[in-house]
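Step one of this worksheet: look at the structure below.
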Amino acid sequence: MESALKDLSTPTGGVEDVYGEDCATEDQCITPWTIAVSSGYNLLRDPRYNKGLAFTERERDSHYLRGLLPPVISSQELQEKKLMQSIRQYDVPLHKYVAMMELEERNERLFYKLLIDNVEELLPIVYTPTVGEACQKYGSIFKRPQGLYISLNEKGRILEVLKNWPEKSIQVIVVTDGERILGLGDLGCQGMGIPVGKLALYTALGGVRPSACLPITIDVGTNNEKLLNDEFYIGLKQRRATGQEYYDLLHEFMSAVKQNYGEKILVQFEDFANHNAFELLAKYRTSHLVFNDDIQGTASVVLAGLIASLKLLGGALCDHTFLFLGAGEAGTGIAELIALEISNKTKIPVEETRKKIWLVDSKGLIVSGRKETLQAFKKPWAHEHEPVNNLLDAVKAVKPTVLIGTSGTGRTFTKEVVEAMACMNKRPLIMALSNPTSQAECTAEEAYTWSEGRVVFASGSPFPSFEYDGKLNIPGQANNCYIFPGFGFGLVMSGTIRVHDDMLLAASEALAAQVTEEHYAKGMIYPPFADIRKISAHIAASVAAKAYELGVATRLPQPTDLVKYAESCMYTPNYRSYR
């Protein structure tokens, strides 16, 4: 008996199995041990503290890294140069996206250093338009969790799930239910790419610490048949929960977030379907710090472009007539903010200023004769007019100076539509805002060509510069990235507890103020992304100033110079030295 016990206790493979892990069968439990302080091999596997070949000789000695790294010591700048060379060798944008995500998972500071220093080149990779394809294929490229997944399986236990996230000092949550991802529709659980991408930009463009950001996907199922039949789909394989079951889960989530993180946690809703987006924003805006980027962020960035464009179009905002193709959360959100801005400037009631703004949906121009069949959020835009069935006829009837596309349907600004706009206006403003690029209402080249180079153009996805009749035109990109990182950072740095529409107007005006005469000369109505950190600091300062003015900021006393304060609070990704 003694010899048998001795044989069982003999270590195999030359290393003693102290915890019995190697001997355990699949149905036996073992404890997944971790150590508290990162050093040695574990330090190289910790993305927040790993510096790769940039560890100094002293750090390699004090943190037990000798032999775990090649002898060369590299600077962060050289690492950046090497990685950018590597990323540029990929021809397929999705491959670049995967390479960037892998970098974030192994070296967080280097990831943000790359993104900040090469923002114009890498923004289309980590966000629109590549993130759309990444979401479509998220099940295939999923390797390790980058956020929290809260499904119907967790009902009644959401607070417990939130506590599983290792970081406790969260300031910003971006959450989606995956029902309306960009212009791609219901991607269910695979919509996680959106919160992950948005929060990467919160850090890179807005300066919020990565550890203070939490991406969350609420999985209530999907109505996407392709995903339901996909053996590799990573979410719940059931049709979407709706009605009371859906709202009960969301209410538990919002209550748990506030209980776990406090009053000042910012919850940003992303890519919820129209019927839920408006309901959730209306329900929680008076009790939580909430922001819907599709409704409010899009509205703010478009309004900024409109304010800036007045230098090129002439007149004041109240002198223009606006026509939208698309009457969903983006279209109606933009329309309402325009009406509020005109009301603030002219002191005319917002009910009257709305009459300068017309919307076209799938059934034609929204007019008073359709009021009985309209959804609640469309009814304020039902003006007195004869029925009009299509966009071209609506352009001819309304005679807009500004045409805005939020339809999610590509190539709907046809040659006839653009020519009609150019015929009526010396300098028409056309904004084709739908994402991704394939869903844009028209391309920059089409808009410039069909208007004989007279159009002021902006889009949601990026388009290259286009030369017409010897003049180089640089299309603007009405990208929410201009607004939400700085806007959210302004809320965080001031300790704001509620979002007010006046803060959105302040953000729009701050962004418009960053457009210079040099930019106008090139037809630009948005400043270049290369200056985005400076832009975000100004937006954050304006939002914070408005929060202090409205009495909803809790971080007291108010800093004297809010721009300098914002810049001093921003996260910077340069390597730190370790003891």
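Note: Cβ is positioned from N, Cα and C throughout, glycine not excepted.
Going by TrEMBL, these are the annotated features:
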{"type": "ACT_SITE", "residues": "Tyr127", "note": "active site, proton donor"}
{"type": "ACT_SITE", "residues": "Lys198", "note": "active site, proton acceptor"}
{"type": "BINDING", "residues": "Arg180, Asn435, Asn479", "note": "(S)-malate binding site"}
{"type": "BINDING", "residues": "Glu270, Asp271, Asp294", "note": "divalent metal cation binding site"}
{"type": "DOMAIN", "residues": "104-285", "note": "domain 'Malic enzyme N-terminal'"}
{"type": "DOMAIN", "residues": "295-548", "note": "domain 'Malic enzyme NAD-binding'"}
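Cβ neighbour count within 10 Å across all protein chains ranks Lys198 highest among the recorded positions Arg180, Lys198. Less than 8 angstroms from the CB of Asn435 ((S)-malate binding site) sit Thr128, Pro129, Gly132, Leu182, Gly183, Gly460, Ser461, each of them six or more residues away in the same chain. Here Asp271 (divalent metal cation binding site) is compared against the recorded positions Arg180, Lys198, Asn479, and the shortest C-alpha distance is to Arg180. Across the residues of the domain 'Malic enzyme N-terminal' (104-285), the predicted structure has a mean pLDDT of 94. Within 10 Å of the C-beta of Tyr127 (active site, proton donor) we count 26 further C-beta atoms, all protein chains included.
Across the structure, Glu270 (divalent metal cation binding site) and the residue listed as 'active site, proton acceptor' place their CA atoms 9 angstrom apart. Of all Cβ atoms in the protein chains displayed, 27 besides its own lie within 10 Å of the Cβ of Glu270 (divalent metal cation binding site). In this structure the C-alpha atoms belonging to Tyr127 (active site, proton donor) and Asn479 ((S)-malate binding site) are separated by 10 Å. Recorded residues the residue listed as 'active site, proton acceptor' and Asn479 ((S)-malate binding site) have their alpha carbons 12 Å apart, per Cα-Cα distance. Separation of the C-alpha atoms of Arg180 ((S)-malate binding site) and Asp294 (divalent metal cation binding site): 10 Å, rounded to the nearest whole number. Considering only the residues assigned to (S)-malate binding, Arg180, Asn435, Asn479, the longest pairwise Cα distance works out to 18 Å.
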